[in-house]
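Straight from TrEMBL, the features:
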DOMAIN    17-265  domain 'Deacetylase sirtuin-type'
ACT_SITE  HIS124  active site, proton acceptor
BINDING   CYS132, CYS135, CYS162, CYS167  Zn(2+) binding site
Amino acid sequence: MDLTAPAIAETEHFSSPAQTTAVAAQLAALIRTAKHFIVYTGAGVSTSAGIPDFRGPEGAWTKRAQGKELAFDGSKTLTAVPTTTHMALVALQERGLLKYVVSQNCDGLHRRSGIMPDRISELHGNSNREYCKDCGKEYIRDFRAVSSYDKSYSDHRTGRKCAVPGCTGALHDTIINFGEQLPKTAMTRATTHAKKADLCLVLGSSCRVSPANSIPECVGRSKKGRLAICNLQDTPLEDVADEKLRIHARTDDLMTQVMANLGILIPPFILRRRLIIAMASQSRDRHQLTVTGVDVDDTPSSFLRSVKVEGSRRAVRTEPFVLGMREELEEGAAVKVELEFMGHYGEPNVVVAHAYPGEAGGSSVYGLEYDVWTKEWEVRRV
Ligand SMILES: [Zn+2]
């Protein structure tokens, strides 16, 4: 990854509302008929969630070039609510209209909003994801899984160890710093989709960071491809983009209109969690419960602070969450498991009624959905 940022930020422009309306209508028509529509996102899609960009007048790199440090607490990405743009992309993905997202953002908001792991390349990493260098196992954390860079900038160890049986590899963050190579798999997948794409929409990126910016450029230069750019500042790809599809607007404003043209509602953000509860019995009245948080693709996901059997005084506070239970149970009896969350969105505890599978043991998968506005959980077995 390579970059330079001027101390004086490039001017931000605003196209007229009529121009935004016209581009939104054209984009909607193209999205409807595109065979392979992809999106390339930058910091501009997250600014309305309270996460600063890099090159804007208040951006992190602009401030750094001015010799000022940005007073931004990185943990705010954990409490940030995905924006209108994030949620519009989720709706387009669910309808099969959006085939792939390539993002430069490390804030994890695309994944949290509901973009599936096999539909995105996070080219510069994700501050919630760490991985084992020895066996490759990934872990999603509901906390910042980022090296403190105390020793050196290139030391990505987070201090945690791999939990795969037999592996004690050191976990590394996935953040790509300046001068470091982009992750191979993510870049290869992004390039494959860019080559297939007949429409690429840049949202909130100045397209100045190389080699990530080769993705939209590849679509813009291909014969069948059309490149649309929505960004407040000019980009070096203005000449490559379709003249009628360039717009200086906030991405939320453009996407609201694109979705209205498509007649697709932008869904509210729902925090989704997935949980496996396994139960094994040594005898009729001695049982062991193991509670594991996982991502949609079963990647381990740490979002629980503690787990206990409801009414019990003892809670388990470290992963893996293994609980002992002494009680004579009939098959099908409800074992009530109380979950405490990291709680970045103020999630209250929730009780999952797990049906005792009998002495043979077994496991069930639960889907938990949390409405960040009503602060209510919905739990279902999946
Ligand atoms: Zn490992």
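Even glycines carry a Cβ here, placed using N, Cα and C.
These figures come from a predicted structure and were not determined experimentally.
TrEMBL feature annotations superimposed on the structure.
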residue: HIS124; record: active site, proton acceptor; CB count, 10 Å: 22
residue: CYS132; record: Zn(2+) binding site; CB count, 10 Å: 20
residue: CYS135; record: Zn(2+) binding site; CB count, 10 Å: 12
residue: CYS162; record: Zn(2+) binding site; CB count, 10 Å: 20
residue: CYS167; record: Zn(2+) binding site; CB count, 10 Å: 13
Distance check against the residue listed as 'active site, proton acceptor' for the binding-site residues CYS132, CYS135, CYS162, CYS167, keeping those with Cα within 10 Å: none
Listed recorded positions with Cβ under 6 Å from ligand 1, out of HIS124, CYS135, CYS162: CYS135, CYS162
Other same-chain residues whose Cβ falls within 8 Å of the Cβ centroid of CYS132, CYS135, CYS162, CYS167, the recorded Zn(2+) site, in sequence order: LYS133, ASP134, GLY136, LYS137, ALA163, VAL164, THR168, GLY169
DSSP three-state assignment (helix, strand or coil) for CYS132 (Zn(2+) binding site): strand
Rounded mean pLDDT for the residues that make up the domain 'Deacetylase sirtuin-type' (17-265): 92
